[in-house]
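What TrEMBL annotates here:
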- 20-45: transmembrane segment (TRANSMEM)
- 39-285: domain 'G-protein coupled receptors family 1 profile' (DOMAIN)
- 96-118: transmembrane segment (TRANSMEM)
- 138-156: transmembrane segment (TRANSMEM)
- 191-223: transmembrane segment (TRANSMEM)
- 235-257: transmembrane segment (TRANSMEM)
- 269-287: transmembrane segment (TRANSMEM)
Amino acid sequence: MENATRVKEFILLGLSENQGVQRICSVMFLLFYMMIVAGNLLIVITVISSQRLNSPMYFFLCYLSFVDICYSSVTAPKMIADFLVENKTISFVGCIAQLFGVHFFGCTEIFLLTVMAYDRYVAICRPLHYTTLMNRRVCGRLVMGSWIGGFVHSTVQTLLTTQLPFCGPNKIDHYFCDVHPLLQLACTDTYAVGIIVVANSGMITLSSFIILVTSYAVILVSLKSQTAEGWHKALSTCGSHITVVILFFGPCTFIYIRPSSNLSEDKNVAVFYTIITPMLNPLIYTLRNEEVKNAMRKLWNRKV
(Lines of atoms letter the chains of each structure in order from A and count residues from 1; the text may use other names and numbers.)
(Lines give C-alpha, C1' and ligand atoms only; values in the text may rest on other atoms or scores of the structure.)
Protein backbone atom coordinates (compact mmCIF):
# COMPACT_ATOMS: atom_id res chain seq x y z
CA MET A 1 0.00 0.00 0.00
CA GLU A 2 3.00 2.31 0.38
CA ASN A 3 3.50 2.38 -3.39
CA ALA A 4 -0.21 2.76 -4.00
CA THR A 5 -0.24 6.14 -2.23
CA ARG A 6 2.96 7.47 -3.81
CA VAL A 7 1.00 9.24 -6.54
CA LYS A 8 -1.07 11.89 -4.75
CA GLU A 9 -2.81 13.26 -7.84
CA PHE A 10 -3.37 12.57 -11.52
CA ILE A 11 -3.36 14.88 -14.54
CA LEU A 12 -6.30 14.50 -16.92
CA LEU A 13 -5.23 15.28 -20.49
CA GLY A 14 -8.86 15.75 -21.58
CA LEU A 15 -10.31 15.53 -25.07
CA SER A 16 -7.86 17.97 -26.67
CA GLU A 17 -4.73 19.93 -25.78
CA ASN A 18 -5.50 22.67 -28.32
CA GLN A 19 -6.49 25.87 -26.47
CA GLY A 20 -8.91 27.01 -29.18
CA VAL A 21 -10.65 23.65 -29.27
CA GLN A 22 -10.86 23.62 -25.46
CA ARG A 23 -12.67 26.99 -25.39
CA ILE A 24 -15.19 25.79 -27.96
CA CYS A 25 -15.67 22.52 -26.10
CA SER A 26 -16.19 24.30 -22.77
CA VAL A 27 -19.16 26.25 -24.17
CA MET A 28 -20.53 23.27 -26.10
CA PHE A 29 -20.36 20.78 -23.23
CA LEU A 30 -21.73 23.35 -20.77
CA LEU A 31 -24.80 23.65 -22.99
CA PHE A 32 -24.98 19.86 -23.24
CA TYR A 33 -24.81 19.48 -19.46
CA MET A 34 -27.47 22.14 -18.89
CA MET A 35 -29.73 20.29 -21.36
CA ILE A 36 -29.08 16.99 -19.55
CA VAL A 37 -30.03 18.39 -16.15
CA ALA A 38 -32.99 20.44 -17.39
CA GLY A 39 -34.43 17.74 -19.68
CA ASN A 40 -34.13 14.83 -17.26
CA LEU A 41 -35.25 16.90 -14.28
CA LEU A 42 -38.33 17.92 -16.26
CA ILE A 43 -39.18 14.25 -16.84
CA VAL A 44 -38.72 13.44 -13.13
CA ILE A 45 -40.96 16.34 -12.06
CA THR A 46 -43.56 15.53 -14.73
CA VAL A 47 -43.82 11.84 -13.78
CA ILE A 48 -43.97 12.59 -10.04
CA SER A 49 -46.58 15.35 -10.38
CA SER A 50 -48.83 13.67 -12.96
CA GLN A 51 -51.45 11.18 -11.76
CA ARG A 52 -51.88 9.78 -15.28
CA LEU A 53 -48.23 8.74 -15.57
CA ASN A 54 -48.47 6.07 -12.88
CA SER A 55 -47.73 2.97 -14.96
CA PRO A 56 -44.52 0.94 -14.42
CA MET A 57 -43.06 2.30 -17.69
CA TYR A 58 -43.06 5.87 -16.34
CA PHE A 59 -41.95 4.69 -12.90
CA PHE A 60 -38.80 3.24 -14.50
CA LEU A 61 -38.40 6.26 -16.80
CA CYS A 62 -38.38 8.56 -13.76
CA TYR A 63 -35.52 6.60 -12.19
CA LEU A 64 -33.67 6.41 -15.52
CA SER A 65 -33.79 10.21 -15.83
CA PHE A 66 -32.55 10.61 -12.26
CA VAL A 67 -29.66 8.22 -12.93
CA ASP A 68 -28.80 10.12 -16.13
CA ILE A 69 -28.46 13.36 -14.15
CA CYS A 70 -26.20 11.69 -11.58
CA TYR A 71 -24.20 9.83 -14.23
CA SER A 72 -23.35 12.96 -16.23
CA SER A 73 -22.70 14.98 -13.08
CA VAL A 74 -19.86 12.62 -12.16
CA THR A 75 -17.84 13.57 -15.27
CA ALA A 76 -19.25 16.67 -17.03
CA PRO A 77 -18.60 19.44 -14.42
CA LYS A 78 -14.97 18.37 -13.98
CA MET A 79 -14.47 18.12 -17.75
CA ILE A 80 -15.97 21.58 -18.35
CA ALA A 81 -13.83 23.10 -15.58
CA ASP A 82 -10.69 21.46 -17.01
CA PHE A 83 -11.32 23.09 -20.39
CA LEU A 84 -10.91 26.49 -18.69
CA VAL A 85 -7.78 25.83 -16.61
CA GLU A 86 -4.23 24.86 -17.43
CA ASN A 87 -3.67 22.65 -14.38
CA LYS A 88 -6.06 19.73 -14.99
CA THR A 89 -5.30 17.76 -11.85
CA ILE A 90 -7.48 15.45 -9.77
CA SER A 91 -6.52 13.99 -6.40
CA PHE A 92 -6.05 10.27 -5.99
CA VAL A 93 -9.13 10.06 -3.75
CA GLY A 94 -11.13 12.22 -6.17
CA CYS A 95 -10.06 10.00 -9.07
CA ILE A 96 -11.16 6.82 -7.28
CA ALA A 97 -14.45 8.48 -6.28
CA GLN A 98 -15.06 9.45 -9.91
CA LEU A 99 -14.25 5.90 -11.02
CA PHE A 100 -16.75 4.53 -8.51
CA GLY A 101 -19.45 7.01 -9.58
CA VAL A 102 -19.04 6.35 -13.30
CA HIS A 103 -19.39 2.59 -12.90
CA PHE A 104 -22.08 2.80 -10.22
CA PHE A 105 -24.47 5.00 -12.20
CA GLY A 106 -23.46 3.51 -15.56
CA CYS A 107 -24.14 -0.06 -14.47
CA THR A 108 -27.37 0.99 -12.72
CA GLU A 109 -28.53 2.51 -16.02
CA ILE A 110 -27.71 -0.73 -17.85
CA PHE A 111 -29.85 -2.72 -15.42
CA LEU A 112 -32.68 -0.16 -15.57
CA LEU A 113 -32.76 -0.33 -19.38
CA THR A 114 -32.91 -4.12 -19.12
CA VAL A 115 -35.78 -3.87 -16.62
CA MET A 116 -37.61 -1.46 -18.96
CA ALA A 117 -37.26 -3.99 -21.79
CA TYR A 118 -38.74 -6.69 -19.53
CA ASP A 119 -41.61 -4.34 -18.68
CA ARG A 120 -42.39 -3.82 -22.38
CA TYR A 121 -42.15 -7.58 -22.98
CA VAL A 122 -44.72 -8.33 -20.26
CA ALA A 123 -47.00 -5.46 -21.38
CA ILE A 124 -47.09 -6.59 -25.02
CA CYS A 125 -46.64 -10.37 -24.83
CA ARG A 126 -48.54 -11.08 -21.59
CA PRO A 127 -51.05 -8.23 -21.28
CA LEU A 128 -53.58 -10.21 -19.21
CA HIS A 129 -50.98 -10.86 -16.49
CA TYR A 130 -49.35 -7.41 -16.67
CA THR A 131 -50.90 -5.89 -13.54
CA THR A 132 -50.00 -9.00 -11.53
CA LEU A 133 -46.45 -9.43 -12.81
CA MET A 134 -45.59 -5.71 -12.72
CA ASN A 135 -47.26 -4.50 -9.53
CA ARG A 136 -45.78 -1.70 -7.41
CA ARG A 137 -43.86 -4.05 -5.13
CA VAL A 138 -42.24 -5.91 -8.06
CA CYS A 139 -41.30 -2.63 -9.75
CA GLY A 140 -39.75 -1.36 -6.53
CA ARG A 141 -37.70 -4.54 -6.16
CA LEU A 142 -36.51 -4.35 -9.77
CA VAL A 143 -35.32 -0.77 -9.26
CA MET A 144 -33.67 -1.68 -5.95
CA GLY A 145 -31.99 -4.64 -7.65
CA SER A 146 -30.64 -2.30 -10.33
CA TRP A 147 -29.13 -0.01 -7.69
CA ILE A 148 -27.63 -2.94 -5.77
CA GLY A 149 -26.24 -4.48 -8.97
CA GLY A 150 -24.60 -1.17 -9.90
CA PHE A 151 -23.14 -0.83 -6.41
CA VAL A 152 -21.67 -4.34 -6.38
CA HIS A 153 -20.18 -3.93 -9.85
CA SER A 154 -18.67 -0.54 -9.02
CA THR A 155 -17.27 -1.77 -5.71
CA VAL A 156 -15.46 -4.62 -7.47
CA GLN A 157 -13.99 -2.27 -10.09
CA THR A 158 -12.90 0.23 -7.45
CA LEU A 159 -11.31 -2.34 -5.13
CA LEU A 160 -9.39 -3.90 -8.02
CA THR A 161 -8.00 -0.49 -8.99
CA THR A 162 -7.11 0.76 -5.50
CA GLN A 163 -5.02 -2.37 -4.83
CA LEU A 164 -2.66 -1.45 -7.68
CA PRO A 165 0.57 0.48 -7.00
CA PHE A 166 0.81 3.90 -8.70
CA CYS A 167 4.31 5.35 -8.58
CA GLY A 168 4.31 7.42 -11.80
CA PRO A 169 3.72 8.60 -14.46
CA ASN A 170 0.45 10.25 -13.44
CA LYS A 171 -0.95 11.56 -16.76
CA ILE A 172 -4.32 10.04 -17.71
CA ASP A 173 -5.15 10.22 -21.42
CA HIS A 174 -8.85 10.71 -20.73
CA TYR A 175 -11.31 13.34 -19.45
CA PHE A 176 -12.33 11.24 -16.43
CA CYS A 177 -10.83 8.48 -14.31
CA ASP A 178 -11.71 5.05 -15.67
CA VAL A 179 -10.31 1.57 -15.14
CA HIS A 180 -8.46 1.13 -18.46
CA PRO A 181 -6.45 4.40 -18.28
CA LEU A 182 -5.51 3.70 -14.66
CA LEU A 183 -4.41 0.14 -15.46
CA GLN A 184 -1.89 1.56 -17.94
CA LEU A 185 -0.39 3.78 -15.20
CA ALA A 186 0.04 1.04 -12.61
CA CYS A 187 3.60 0.08 -11.69
CA THR A 188 2.98 -3.64 -12.02
CA ASP A 189 1.74 -6.24 -14.46
CA THR A 190 -2.02 -5.66 -14.83
CA TYR A 191 -2.83 -8.50 -17.25
CA ALA A 192 -4.78 -10.55 -14.68
CA VAL A 193 -6.62 -7.50 -13.36
CA GLY A 194 -7.40 -6.44 -16.91
CA ILE A 195 -9.01 -9.82 -17.61
CA ILE A 196 -11.16 -9.51 -14.47
CA VAL A 197 -12.15 -5.95 -15.45
CA VAL A 198 -13.21 -7.06 -18.93
CA ALA A 199 -15.08 -10.03 -17.48
CA ASN A 200 -16.84 -7.79 -14.95
CA SER A 201 -17.72 -4.77 -17.13
CA GLY A 202 -17.79 -6.42 -20.53
CA MET A 203 -19.90 -9.42 -19.63
CA ILE A 204 -22.48 -7.31 -17.77
CA THR A 205 -22.79 -5.01 -20.78
CA LEU A 206 -22.85 -7.81 -23.35
CA SER A 207 -25.22 -10.10 -21.44
CA SER A 208 -27.64 -7.24 -20.76
CA PHE A 209 -27.48 -6.23 -24.42
CA ILE A 210 -28.25 -9.81 -25.52
CA ILE A 211 -31.23 -9.93 -23.13
CA LEU A 212 -32.48 -6.63 -24.52
CA VAL A 213 -32.14 -7.70 -28.14
CA THR A 214 -33.86 -11.03 -27.39
CA SER A 215 -36.72 -9.25 -25.59
CA TYR A 216 -37.38 -6.88 -28.47
CA ALA A 217 -37.08 -9.71 -31.00
CA VAL A 218 -39.78 -11.66 -29.13
CA ILE A 219 -41.91 -8.50 -28.94
CA LEU A 220 -41.64 -7.88 -32.69
CA VAL A 221 -42.56 -11.49 -33.45
CA SER A 222 -45.58 -11.34 -31.14
CA LEU A 223 -46.79 -8.14 -32.83
CA LYS A 224 -47.61 -10.08 -36.01
CA SER A 225 -50.99 -11.01 -34.56
CA GLN A 226 -51.75 -7.44 -33.51
CA THR A 227 -53.95 -4.98 -35.41
CA ALA A 228 -52.35 -2.13 -37.33
CA GLU A 229 -53.23 0.28 -34.50
CA GLY A 230 -51.79 -2.04 -31.85
CA TRP A 231 -48.65 -2.60 -33.92
CA HIS A 232 -48.12 1.15 -34.33
CA LYS A 233 -48.66 1.90 -30.63
CA ALA A 234 -46.36 -0.90 -29.43
CA LEU A 235 -43.70 -0.10 -31.99
CA SER A 236 -43.81 3.58 -31.07
CA THR A 237 -43.23 2.77 -27.39
CA CYS A 238 -40.49 0.20 -28.05
CA GLY A 239 -38.84 2.42 -30.65
CA SER A 240 -37.80 4.89 -27.96
CA HIS A 241 -36.25 2.13 -25.84
CA ILE A 242 -34.46 0.56 -28.80
CA THR A 243 -32.97 3.94 -29.81
CA VAL A 244 -31.62 4.54 -26.29
CA VAL A 245 -30.27 0.98 -26.06
CA ILE A 246 -28.33 1.36 -29.32
CA LEU A 247 -26.91 4.77 -28.34
CA PHE A 248 -25.87 3.61 -24.86
CA PHE A 249 -24.88 -0.03 -25.30
CA GLY A 250 -23.02 0.40 -28.59
CA PRO A 251 -20.20 2.59 -27.19
CA CYS A 252 -20.19 0.76 -23.82
CA THR A 253 -19.77 -2.62 -25.49
CA PHE A 254 -17.01 -1.24 -27.72
CA ILE A 255 -14.96 0.01 -24.77
CA TYR A 256 -15.56 -2.57 -22.02
CA ILE A 257 -15.76 -5.82 -23.96
CA ARG A 258 -12.06 -5.80 -24.84
CA PRO A 259 -8.75 -4.74 -23.27
CA SER A 260 -8.13 -1.10 -24.12
CA SER A 261 -5.39 -0.45 -26.67
CA ASN A 262 -6.17 3.09 -27.87
CA LEU A 263 -7.14 5.51 -25.08
CA SER A 264 -7.48 8.46 -27.47
CA GLU A 265 -10.13 6.53 -29.37
CA ASP A 266 -11.80 5.31 -26.18
CA LYS A 267 -12.27 8.78 -24.68
CA ASN A 268 -13.95 10.05 -27.84
CA VAL A 269 -16.33 7.08 -27.81
CA ALA A 270 -16.99 7.60 -24.08
CA VAL A 271 -18.56 10.99 -24.84
CA PHE A 272 -21.53 9.16 -26.36
CA TYR A 273 -22.57 7.23 -23.25
CA THR A 274 -21.59 9.83 -20.62
CA ILE A 275 -22.92 12.99 -22.34
CA ILE A 276 -24.76 12.43 -25.63
CA THR A 277 -27.13 9.62 -24.56
CA PRO A 278 -28.22 11.27 -21.27
CA MET A 279 -28.84 14.48 -23.26
CA LEU A 280 -30.92 12.72 -25.94
CA ASN A 281 -32.94 10.51 -23.58
CA PRO A 282 -35.49 13.22 -22.64
CA LEU A 283 -35.99 14.12 -26.31
CA ILE A 284 -36.33 10.48 -27.37
CA TYR A 285 -38.85 9.63 -24.67
CA THR A 286 -40.94 12.82 -24.97
CA LEU A 287 -41.06 13.42 -28.72
CA ARG A 288 -42.48 9.94 -29.35
CA ASN A 289 -44.83 9.87 -26.35
CA GLU A 290 -48.09 11.85 -26.38
CA GLU A 291 -48.90 11.03 -22.74
CA VAL A 292 -45.65 12.61 -21.51
CA LYS A 293 -46.10 15.65 -23.74
CA ASN A 294 -49.69 16.16 -22.54
CA ALA A 295 -48.58 15.80 -18.90
CA MET A 296 -45.84 18.40 -19.48
CA ARG A 297 -48.35 20.81 -21.03
CA LYS A 298 -50.68 20.41 -18.05
CA LEU A 299 -47.78 20.91 -15.64
CA TRP A 300 -46.71 24.05 -17.51
CA ASN A 301 -50.25 25.45 -17.57
CA ARG A 302 -50.63 24.72 -13.86
CA LYS A 303 -47.40 26.57 -13.04
CA VAL A 304 -48.26 29.52 -15.31
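Including glycine, each Cβ sits where the backbone N, Cα and C put it.
Take the transmembrane segment (269-287) and the stretches 20-45, 96-118, 138-156, 191-223: counting Cβ pairs under 8 Å, 20-45 has the most. Taking Cβ pairs closer than 8 Å, the transmembrane segment (96-118) reaches residues 57, 60-61, 63-64, 67-68, 70-71, 74-75, 78, 90, 142-143, 145-147, 149-151, 153-155, 157-158, 161-162, 176-179, 182, 201, 204-205, 208, 211-212, 215-216, 241, 244-245, 248-249, 252, 273-274 in its own chain, all 6 or more past its ends. This prediction places the mean pLDDT of the domain 'G-protein coupled receptors family 1 profile' (39-285) at 86.
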